[in-house]
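Colleague: Below you will find the structure I want to go over with you.
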Amino acid sequence: MMDKIQKALTIRNSIIRELLAEALGMFILMVFGLSSVAQVVLGKGDFGQHLSINLGFGIGVTLGIHAAGGISGAHLNAAITFAYCLLGNVPWRKLPAYLIGQFLGSFMAAAAVFGLYYDALYDYTKGNFTVTGPTATASIFATYPAPYVSLLGGFFTEFMASMMLLLGIVIIHDEKNNAALKGTQALLTGVLVLGIGLGMGMNTGYAINPSRDLPPRVFTAIAGWGMDVFRAGPYWWWVPVTAPVLGSLAGVLMHKLLVDLHNQPILGSGNEKGQPTVESS
């Protein structure tokens, strides 16, 4: 009986499997990340600080990659998927499935965290969900720039942070150079996201990922915060969608121009790259 149920539920279409894997990986990433933000904001500093948020997203990235890595490669980021399609690493026909999976996982994670902390949200805001003001809570789910940050400054922050993300990911997986040890890539990618949050998170909350920012923003618009989630910033919402894509391409290009293009095997050298030649009589 169980075998029949298993066969009936098994999906053999590779694109659908990749969509579901991206959805699960994204859900895990975002539940850890968003719940850590919720605890810091709603706990008024008594249940964590900025470091807690950085660690939450780092742990979420690590576990999300482990969940989806063997099936979809665990992009968990629309900017990464777009960059890989542009490089030819992923067929363009798979782009919609990856984006849909990431959107679904992120949206469902926002809904789950909303349900998890609904009582705390209601107590903190007295039922008035706002985007700005002393009891603003929209930033639990999506990113917004700090009051002192200009639109150009925020765009550059997201561009730089995303560039460092892709540069780090490419370095971790660069088999021609000094790739991470097999089995440590997920952990190191989580550490990479932690480092970006520690060093570049103050200005904009380091979205660095359209799939991390846009679906929860859509959820908040539906769940009670209204269209102000798109007007705030002002009209900040498009920056976490576009800047990570451009920054990701810049990170890949930087690695290509400075390392990858020149790191080719030397024909007829007779020894491994980086190993000294030993002469013998």
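Cβ atoms are placed via backbone N, Cα and C, with glycine included.
The transmembrane segment annotation in TrEMBL covers 20-43, 63-87, 99-118, 148-172, 184-208, 235-254.
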Colleague: Check the transmembrane segment (63-87) against each of 20-43, 148-172, 184-208 and return whichever range has the most CB pairs under 8 Å.
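Modeller: The stretch with the most close Cβ contacts to the transmembrane segment (63-87) is 20-43.
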Colleague: Any residues 6+ beyond the ends of the transmembrane segment (148-172) with a Cβ under 8 Å from its own?
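Modeller: For the transmembrane segment (148-172), the sequence-distant neighbours (Cβ-Cβ under 8 Å, at least 6 residues beyond its ends) are 77, 79-80, 83, 178-180, 185, 188-189, 192-193, 196, 200, 203-204, 206-209, 233-234, 236, 239-240, 242-252, 254-255, 260.
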Colleague: Who are the long-range neighbours of the transmembrane segment (20-43) in its own chain, taking Cβ under 8 Å and residues 6 or more past its ends?
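Modeller: The answer is 11, 49-50, 52-53, 55-57, 59-61, 63-65, 67-69, 71-72, 74-76, 97-98, 101-102, 104-106, 108-110, 112-113, 116-117, 120-121, 124, 137, 139-141, 211-212, 216.
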